[in-house]
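Report on the structure given below.
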Amino acid sequence: MKIRSPIVSVLGHVDHGKTTLLDHIRGSAVASREAGGITQHIGATEIPMDVIEGICGDFLKKFSIRETLPGLFFIDTPGHEAFTTLRKRGGALADLAILIVDINEGFKPQTQEALNILRMYRTPFVVAANKIDRIHGWRVHEGRPFMETFSKQDIQVQQKLDTKVYELVGKLHEEGFESERFDRVTDFASQVSIIPISAITGEGIPELLTMLMGLAQQYLREQLKIEEDSPARGTILEVKEETGLGMTIDAVIYDGILRKDDTIAMMTSKDVISTRIRSLLKPRPLEEMRESRKKFQKVDEVVAAAGIKIVAPGIDDVMAGSPLRVVTDPEKVREEILSEIEDIKIDTDEAGVVVKADTLGSLEAVVKILRDMYVPIKVADIGDVSRRDVVNAGIALQEDRVYGAIIAFNVKVIPSAAQELKNSDIKLFQGNVIYRLMEEYEEWVRGIEEEKKKKWMEAIIKPASIRLIPKLVFRQSKPAIGGVEVLTGVIRQGYPLMNDDGETVGTVESMQDKGENLKSASRGQKVAMAIKDAVYGKTIHEGDTLYVDIPENHYHILKEQLSGDLTDEELDLMDKIAEIKRKKNPDWGMKAPF
């Protein structure tokens, strides 16, 4: 049983310093000239323990971190796209993460996105509060630990930094994470460590690496144990063409051993495929790369954790994010891969939205967020939006308008689908920031629900009262026409009217004001009203107050579901109308209809 290096991913908003941080960590490792140096992998950099000790100095001892790990394995492709692509069953491939935030700008949209993804995958993380060298008045001490450089700053600069750190603490608290500046953390199990750093000057990097080692020691003892002789398990990071090599696969191996000539199984958009490895390639060390034009060198085998380039036939359609397995039992491996894919793709509903994404990991992330929002999903798949997707969304639209949507993350729309969309009522949400897609979808659904509610509200007969103005009778009957004043609420064409004894006297047939026909009239308005079935001097009289005769089922809907949309005056009138109705039927409005 061997302990592998924990896999570390760097996430954060664009321009907040993800790539600069990775470059600096690599540069520090090379410059430290410690025994062993760094090991360059495809898509990753491994920094061995003796190099970390050289960078961190006494911090490992100060924080009681034992030297039980071989080092740290950094994924070179920063950002949450790589984080979600690099997945394995049950969660993210990364064991730990650095959430990098510009201390001067604070949280930005992609910071929020990254935090949501870390929460979703339950990945332990630290916050690197970057660009402390940009704080006004900061005096740079290249490569020094944060505590040392902080102690050499003016008191005003120290206060500025602490204010900015506590702004991050507040923001993380809003998101449900308790956090503190790393040297003030009292419980590393329940608090997120914030490490102020400069990725450019290297200040704070020793503490950042120390905190990562501490997290690994605390959380990852068991999951870092691997059988180095067992068949390799990994994840596809990218499928790409290399000059002179043809199509190649970049993969991260997180368990076992991978050898040249092994048969490996992976997922394409259609099925599981198997192929035999022709070559395993790793980057040449920098000094060798200067002497040779070749970027890669061949190796016979790699042991986890490892980033490797694989040359093999028939891999053009392999999906990024697909599991990679060495084939020992073909049927068993096939079932294992299919089962893992089905977990994401097939858990769909009879009716719901269509979801398309570029990789398995991003599809999994989008589906999980939609599930948390209780949004049903009809189709969840990988690849560009096709005509078939539009047809599926059209079928879902028949069920409910809010299902007539395609959520497309990081994918294109093929021309035939674009044409089909033009001729349909399907709504397309397309982008590369998951949370923004979700926000846009939610906003669209809210608009539809508001529209539905508005139509529903219009269909519900609401409380209103009118007074028949004396000496303004234009016709006695068929229909009775006279001047009225609206006392409460809004009176509409078609509303039934009753008197204060609860007797129905007629229906509002039409209304006019200065010769203009009206469909409704509001409180304070005086209009000419035609009342069907009413007779002035017999069923209605000048000066009478008439009330809208609300049907009992409408009364319950208003009372139980729409009371928030009524004014206090209208609610009081509802009680008055109920009181009038109960003169004839004491139980009126008391029992909800079943």
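Note that Cβ sites are derived from N, Cα and C of the backbone, with glycine treated the same way.
Here is what Swiss-Prot records for this protein:
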- 3-220: domain 'tr-type G' (DOMAIN)
- 12-19: region 'G1' (REGION)
- 12-19, 76-80, 130-133: GTP binding site (BINDING)
- 37-41: region 'G2' (REGION)
- 76-79: region 'G3' (REGION)
- 130-133: region 'G4' (REGION)
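Features as recorded by Swiss-Prot, highlighted on the structure.
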| residue | record | Cβ neighbours (10 Å) |
| --- | --- | --- |
| G12 | GTP binding site | 28 |
| D15 | GTP binding site | 12 |
| K18 | GTP binding site | 25 |
| I132 | GTP binding site | 27 |
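Look at G12 (GTP binding site): DSSP puts it in a strand. Taken through DSSP, the region 'G4' (130-133) splits into 2 helix, 1 strand, 1 coil. Taken residue by residue with DSSP, K18 (GTP binding site) is part of a helix.
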